[in-house]
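So the structure is just underneath, and the comments pick up after that.
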């Protein structure tokens, strides 16, 4: 059984890859990324700030907007290092857009949170972003077992819905004691967005209850968030 006291930093490594110093042109793709989300192949991109490499792929290490920087053509390419393909790869970064210490979760808002601990009755979380605004400091929140799904509430197995380290999309439904927010994932578009398997592979959604490890192919149970379609 997964250790229910695993720390919330199980997705993002402690050391982030720093941005390269060569001259480049930045292009923001505008996509909001969360820790553990795959950004692309390390053969196609080089990792910048807020990103890291694992097993040949680049992943987001923070909540923020994805930015791709294309190196400019330098006039004096005289050394082997300057001609190297790695140096000329586009640089992909995740930039935290204006951390907002003044933003507070309110009832009805949507948050991104990372699971820190689970039990049979609740899921403890660290709230990282509120309505798209990255927080300077995380808030505490939790999801009660009865607030995980819309249906089959009495038969929900919390341990089959979430694991420590999962990044979830949730809705604030109440404010608990000590500024600890009560969250809900009882909607199709709410639930696990990003997760890792026991072997370190990224889990991809298969159904509303299953995710598949992209390394082993093994299926893992989760309360999966359905994609949000933008018009």
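Glycine residues also receive a Cβ, built from the backbone N, Cα and C atoms like all the rest.
Residue counts of the domain 'Exosome complex component N-terminal' (34-67) by helix, strand and coil are 0 helix, 18 strand, 16 coil (DSSP-based). Per TrEMBL, the feature domain 'Exosome complex component N-terminal' maps to 34-67.
On the 0 to 100 pLDDT scale, the domain 'Exosome complex component CSL4 C-terminal' (104-133) averages 91 in this prediction. What TrEMBL records for 104-133 (among others) is domain 'Exosome complex component CSL4 C-terminal'.
Taken from TrEMBL, the feature domain 'Exosome complex component CSL4 C-terminal' covers 135-175 (among others). When DSSP labels each residue, the domain 'Exosome complex component CSL4 C-terminal' (135-175) comes out as 9 helix, 19 strand, 13 coil, counted as helix, strand and coil in that order.
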